[in-house]
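One structure is given here, and the rest of the page talks about it.
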Amino acid sequence: MSAGPLTADLFESTADTKPSQEAIAEGAVLLRGFARPFEAELIADLHAIVAQAPFRHMVTPGGHQMSVAMTNCGSAGWVTDRSGYRYDSNDPESAKPWPAMPSSFFRLAAQAAAQAGFNDFAPDACLINRYQPGAKMSLHQDKDELDFGAPIVSVSLGLPAIFLWGGLKRSDKPRRFPLKHGDIVAWGGPARLVFHGVAPLADGEHALLGRQRINLTFRKAR
Ligand code: MD3
Ligand code: FE
């Protein structure tokens, strides 16, 4: 295996899973392949969530429909409409509570956070983003959460994407990081309020998920 002695001790490697750990900025840790051992369970649990709370294209306060389709699980779900961005206990489409966060989701997020140095991460919200070819997310900050002391953990599944990592000012030129199936990034501390986004998704076919990228974003919202 190509990883150094430290990672060799920390990870169990298999033929198609070569986890590695890299600090991309102060407070931001990239765990390549960390979600691979969970992929079957994650995808099965994802299908059950989407059956209860289907993906939908939400509208921004400015009136633009997002190219990314979204749903949520957990006790709080992120929503946007003409009245603003917020967390809501209920899915506005069904008026019912969002599906509970599956234990596979929670365990993976907590384990990844701990691996990245953020202990006791207990997310109450998981925003699930679906990118089809051409979908993108413009540079933004995540600041609808109550406590910026908690990290955010993001899990990439399916087609690869270019993640844009800016600075603390919108005008800072973003760096580009390819994120692939199974990669996890944990962001906290000085990285928590950095501007970030996703470049338009290139077309392709993923063996497990087809023509899409799914991103699970775990937050402590309340
Ligand atoms: C860096 N999602 O849902 S996840 C989002 O791939 C979002 O779907 C992107 O940005 C996606 O808000 C990127 C990575 C991410 C999430 C939150 C962050 C990076 C972050 C918060 C602070 C800094
Ligand atoms: Fe974000």
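Every residue, even glycine, has its Cβ placed from backbone N, Cα and C.
With Trp78, Tyr85, Arg86, Tyr87, Arg170 listed by TrEMBL as binding substrate, the candidate from Asp142, Asp144, Asp147 annotated for that site turns out to be Asp144. Fe cation is bound by His140, Asp142 in TrEMBL, and the record lists one more residue there from His181, His196, which is His196. Checked against ligand 1, the binding-site residues Tyr85, Arg86, Tyr87, His196, Ile214, Leu216 give His196 as the ones with a Cβ under 6 Å from it, listed in sequence order. Residue counts of the domain 'Fe2OG dioxygenase' (122-222) by helix, strand and coil are 3 helix, 44 strand, 54 coil (DSSP-based). Here the domain 'Fe2OG dioxygenase' (122-222) has a mean pLDDT of 97 out of 100. Each residue contributes its Cα atom, and for Trp78 (substrate binding site) and His196 (Fe cation binding site) these two points are 17 Å apart. Proximity of the binding-site residues (Tyr87, Tyr131, Asp142, Arg170, Ile214, Phe218) to ligand 2: a Cβ under 6 Å from the molecule is found for Asp142.
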